[in-house]
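Worksheet: one structure, shown below.
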Amino acid sequence: MFPYPTLNYPPMAPINPMAYRDPNPPRQVAPFRPPLAAQIEDLRRSIANLTLKQRAPNPPAGPPAKRKKPAPKPKPAQAKKKRPPPPAKKQKRKPKPGKRQRMCMKLESDKTFPIMLNGQVNGYACVVGGRVFKPLHVEGRIDNEQLAAIKLKKASIYDLEYGDVPQCMKSDTLQYTSDKPPGFYNWHHGAVQYENNRFTVPRGVGGKGDSGRPILDNKGRVVAIVLGGVNEGSRTALSVVTWNQKGVTVKDTPEGSEPWSLATVMCVLANITFPCDQPPCMPCCYEKNPHETLTMLEQNYDSRAYDQLLDAAVKCNARRTRRDLDTHFTQYKLARPYIADCPNCGHSRCDSPIAIEEVRGDAHAGVIRIQTSAMFGLKTDGVDLAYMSFMNGKTQKSIKIDNLHVRTSAPCSLVSHHGYYILAQCPPGDTVTVGFHDGPNRHTCTVAHKVEFRPVGREKYRHPPEHGVELPCNRYTHKRADQGHYVEMHQPGLVADHSLLSIHSAKVKITVPSGAQVKYYCKCPDVREGITSSDHTTTCTDVKQCRAYLIGNKKWVYNSGRLPRGEGDTFKGKLHVPFVPVKAKCIATLAPEPLVEHKHRTLILHLHPDHPTLLTTRSLGSDANPTRQWIERPTTVNFTVTGEGLEYTWGNHPPKRVWAQESGEGNPHGWPHEVVVYYYNRYPLTTIIGLCTCVAIIMVSCVHPCGSFAGLRNLCITPYKLAPNAQVPILLALLCCIKPTRADDTLQVLNYLWNNNQNFFWMQTLIPLAALIVCMRIVRCLFCCGPAFLLVCGAWAAAYEHTAVMPNKVGIPYKALVERPGYAPVHLQIQLVNTSIIPSTNLEYITCKYKTKVPSPVVKCCGATQCTSKPHPDYQCQVFTGVYPFMWGGAYCFCDTENTQMSEAYVERSEECSIDHAKAYKVHTGTVQAMVNITYGSVSWRSADVYVNGETPAKIGDAKLIIGPLSSAWSPFDNKVVVYGHEVYNYDFPEYGTGKAGSFGDLQSRTSTSNDLYANTNLKLQRPQAGIVHTPFTQAPSGFERWKRDKGAPLNDVAPFGCSIALEPLRAENCAVGSIPISIDIPDAAFTRISETPTVSDLECKITECTYASDFGGIATLPTNPVKQETVQFILHQVLQLLKRMTSPLLRAGSFTFHFSTANIHPAFKLQVCTSGVTCKGDCKPPKDHIVDYPAQHTESFTSAISATAWSWLKVLVGGTSAFIVLGLIATAVVALVLFFHRH
């Protein structure tokens, strides 16, 4: 029962029920109160009643409500003296997520449902667009009764299961979008970056159990569903499912990605299976059981959860690290430094505590990574960034990192250090030296390695610039975190330690350090060997008769070819390589802009490079004619530019394209000398031939009349009758032989036929009558079959209203006029925005730089060993007998000649392969796609994607468009191409498995992470030198590096027709080759009947200014007088003229000025405004600019190239000369006839 309410005021006195009451009490008169006072009093009483009588009962007993800051309850006075114990220190709360992340988490929590398997979350299913999507690789049941009852369909190609959600849930689902501009998006773990068509997150963000989570944009729409991921350097690439613009699902899976279902990966330890993130001996770790921990890691070397097991072994202690940096440093506490052979210690060969194992210089800007036998950032007792450790004999010693120095031709700058590795910025040199000072002792090691500054881009600068342009490059990351690359470790082999042996009581005594084990080997005279953990006395009397080996199984060492391998079956471990090559952005120099000078069809570049700079050019026509030259000093270069265009690229500047215009210095419409100057600049050879012809005609015309008159004068002076034996001229004789003739008229012909041949007379008479009958029959057939024929033609026209052929040139529109009987013409414009030739490709293999792996050799003292086959690429193994190795100054074996050494070597991918590799593709016939802008009538459609195959129709609004196929089946790609970085090369590479040493393809694999590695590097093992533990070998240089030096120019620099080569997918864009047939079906709604078309009267077109072959260089004025003010269309009937604007409002009375582009000297085009038409004529001048940065229109016809003025002058010239010739001939004939008649 709930308690009664407690009253906080004193109770009233009890009333006596038997008290006397007057039955007729006197009536009391209430005192007079003003109305306002009475109202106030009533209000006061009502408030008092509410506060006293309407008290709420106490709340029932139950859990208190959650509050951020609960109010303290009142306590009695005695309780104030006793202070409660201080509350436990609460952990610092994580910062609240941002607004976008909160919205993302809210939407995800409402629309995403976990998939349960064995009581734990294995993945997620999300509801998008009225459907539920569940990853196919995620097993389990959706944690929702309604969704779990849905029957899902499988789409294995997308790794998804999907089904329609119930009707009650369709209004509460997420919406998807195909718009994915580059930038950042949201998901459960924060921001996701989308760049280069890939979703990436920082490494370590997301993982197992996140499959099925959605990626949202700022509006809460789903852009992708996560399926898995793969680590790529410092970031993780996500495998996702997205949607394209047509709403079709698209799967994007990077190479090597793994599904992110929360499937527990198991590891093994001595026949015990356990989760890799929970070793069976938890909370034991490396500090407590070092040997067992190393053994556990070695047995799970090939497990895909090796990183989890390593992390659990290193972080198993409860002590919290200060920062994540120290956490990754603690991985190398499993290893120790060592002493190894160095070829040059400053004086000679020696066993050095800082021997150089490897030098890598594959990054740009002169950064190298050095691996040594010393360790950096570690002390003997823990992690310390300011110290380095090395082996001082048999003990480990630490000194300050300031004592370390690195140099090539000059001292290097130390960038970072970690584990066995140093990252340094070095000047160019042929050798690398690493050393340190330990008090008075100085240790150095020098190896031969060429260090050079590798510039980025097309300019050979020698120092990093202060400013410039950012270009992709390769760099070594400075992070020490897990980057996905490993260095191989193993437990060290046995090394003789003579300090463990001593003479005690004339016997050899073996002293064992505390907590260690020693293996001994004695020969006095019988051979005795064993392992002891306490002091042991042998029967030998001389220290030389025994060898003692300290068993060091608590630390790993690098699996070096300069260290002997341990006896028996030795397992391997691995640690992360700290500084790995990654893709980055580097600042490259930008050469000074060239000084450009334009002349007629000539481009002059004045170049002033600061350092050697590459200049490349190519023609944009069918013959690319590429050039490539390095400019080292200021110079001037000239290039011929044609109407097809020229592209030049100077240094790291973007490529520029220029086109020649039909410019000239003269005037094609001026005086003859101006016409000659104009055509001489434009067509020099043709002009010279024409001038020579005209001069020859003039000379002949002048010489012939003079000779004729001289001959006539001679004939007139010497008549025929006075000359003896005179002969008649041949011309007069021929004229005399001609018989005069006379033609009869029609009546005489008919009279002759009637009298001589009446049959032929009637035949001639009936011919006109037969022709009249045939014409009448044709007209009758037209009346009978004409309507049906027109209907058929109308149906055909409705199916494809307009067909034409347009040039395959981007940016130059095709314009036409579509006419229909009874309708106003409709303007049609089709412009190519982008074209792509996309071939089908097949990846044969990838190739990259290899790395030779040399394991520790097996040294068998006083015995023999043998090689075994191992599945490694280009694996080489050889046993050498009669070796006598020394180890750190002492003999390693008893025997002199009976010892054997087994040397091994093989090839593997270098660490740079993940970012620096080439892909070999076989190319087959592909497809052609285009993006077009279409305008018909008042309808405009932008960026429509169509297939240029002549078969696939594209829906453009209510119109249907079919484009293609191309008139020329051409492609810039050969049958084999190589993709390297962002460039594509036509290269005839060898087939898979047939690579040759030292050439392209000496290292091959299907993907960058696959195990099908093929190598042919001519690897040969050499006999080791006496007294040194090492594995010498010879090998051919990397064929990939050789190909990079000799690869030549990429397709972007040599492809004809101005093609631009792009990737993802491989394609050639905007190739101006051939022509494209088009066919478009225009709907009836786009046509306007003539009765509804506005009319315009009094049209007159006047060209006020015109420059041909220029970008809308013509200006014309059109006086108009429309019936009513409307917006009308202007329609051109010619193709060589283009209007800048096709629609404009026309006023009641006034004029309209429009711009047009033409390639003719004398433009004469018909312009139609509504139903009225007018012809525009005029003269155009040549353009003043010789070179422009846009493609200009050029005419190729002879009649259009020669102006009317030039034709007029030519006619006058030829016409005057002909007149003189004709007059001379007539005079000659007259004189000859007169003389002839006088003679006879």
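Keep in mind that glycine also has a Cβ here, set from the backbone N, Cα and C atoms.
Residues or ranges marked as region 'Necessary for nucleocapsid assembly and virus assembly' in Swiss-Prot: 1-35.
If you look up Swiss-Prot, you'll see TYR185 (among others) marked as site 'Involved in dimerization of the capsid protein', on the strength of similarity to another entry. Taken residue by residue with DSSP, TYR185 (site 'Involved in dimerization of the capsid protein') is part of a strand. Non-local neighbourhood of TYR185 (site 'Involved in dimerization of the capsid protein'): ALA191, VAL192, GLN193, TYR194, PHE199, ILE215, LEU216, ASP217, VAL223, ALA224, each in the same chain, at least six residues away, with C-beta under 8 Å from its C-beta.
According to Swiss-Prot, the site 'Involved in dimerization of the capsid protein' annotation covers ASN218 (among others). When secondary structure is read from DSSP and collapsed to three states, ASN218 (site 'Involved in dimerization of the capsid protein') falls in the coil class.
Restricting the average to the topological domain 'Extracellular' (261-682) gives a pLDDT of 85. For 261-682 (among others), the entry in Swiss-Prot reads topological domain 'Extracellular'.
The annotation topological domain 'Cytoplasmic' is assigned in Swiss-Prot to 704-743 on the grounds of sequence analysis.
Positions annotated as region 'Transient transmembrane before p62-6K protein processing' by Swiss-Prot, on the basis of sequence analysis: 715-735.
Residues or ranges marked as topological domain 'Extracellular' in Swiss-Prot: 744-758 (among others).
Annotated topological domain 'Extracellular' per Swiss-Prot: 802-1216 (among others), in sequence order.
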Cβ neighbour count (within 10 Å, all chains shown) around ASN218 (site 'Involved in dimerization of the capsid protein'): 13
